[in-house]
Amino acid sequence: MTSAPSRAQDHAANAQSGKERAAPAQKHVAARTEDQARRQVYNPARGFDETAAMKISQGAIGRALGDYVLRDRAGRDVRLADYRGKPLIVSMVYTSCAHVCPVTTQHLKKVIGVAQEALEADSFNVITIGFDTARDNPPAMAHFARAQGVDLPGWEFLSADAATIERLSRDLGFLHFPSPKGFDHLTQASLVDPQGKVYLQVYGEDFKLPLLTEPLKGLVNGVQSSYPGLEGLSNRIRLFCTVYDPRNERYMKDYSFFVGLFVSIAFIILMTTIIIREARRSPPPRGRAGRQ
């Protein structure tokens, strides 16, 4: 006779086996659904459907990036997983682009410069990846970086083989299709959290700085506030007091909250001290004095 615990274990094992058998089928269905959606994004007769492309892009939020191997400008291998532990900004370009990709990179340079000034240059990383695998190799990425004048710390220009770019693009929800003018694609910057998951998508050639820098600040705060002791506390205070000034398009340190808090506490202490002193100086009631 089979014991109850044994039957329960067999049932659990069968259930787990069923899940394992179902997982590939579920992945196949998901991949087929995504392929159908991708076909809706680009049709030779209708062209590129930005609305459909944005839907796929938004669907990538929460998705973990695979541990792909890419190459830097010197041809050295770079593992995507090496960027985990800090927020990462990913921008996909093709180096032969005449207008959109250079303009986007120039704007991103401005945004990253402001963010590094406010959040410290080593608190996050940026990578620009060439998706035109026929042309975007390490020398092409190096030339593109020089042409855009990008020399900010923590910003690397990477390339990879076609299979890697295809898988990475899927992870990012980034679609690109060859066209007579080069490629049709969304202009997007992907913010990836320290765990390697897509956290946010930002669109456009000249998006408002806070659309990217504010969520980035939140992720940096989450990392640096976890430091033990006074370092974590000081990081929380510093980032809390780092606020965006829309007039100057810069971040500034604003300690007015803590100054106001200190003044309020000091005022309360002062008034309490005065009340206590006055109470001590006041003569006792006459009736109580007469009984003495």
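Placement of Cβ uses the backbone N, Cα and C atoms for every residue, glycine included.
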Recorded disulfide partner - Cys101, candidates Cys97, Cys241, source TrEMBL: Cys97
Residues flanking the Cu cation site, with Cβ no more than 8 Å from the Cβ centroid of Cys97, Cys101, His185 and excluding those residues themselves: Met92, Val93, Tyr94, Val100, Thr104, His176, Gly182, Phe183, Thr187
Per-residue pLDDT averaged over the domain 'Thioredoxin' (59-225), given as an integer: 95
Cβ neighbour count within 10 Å of Cys101 (Cu cation binding site): 26
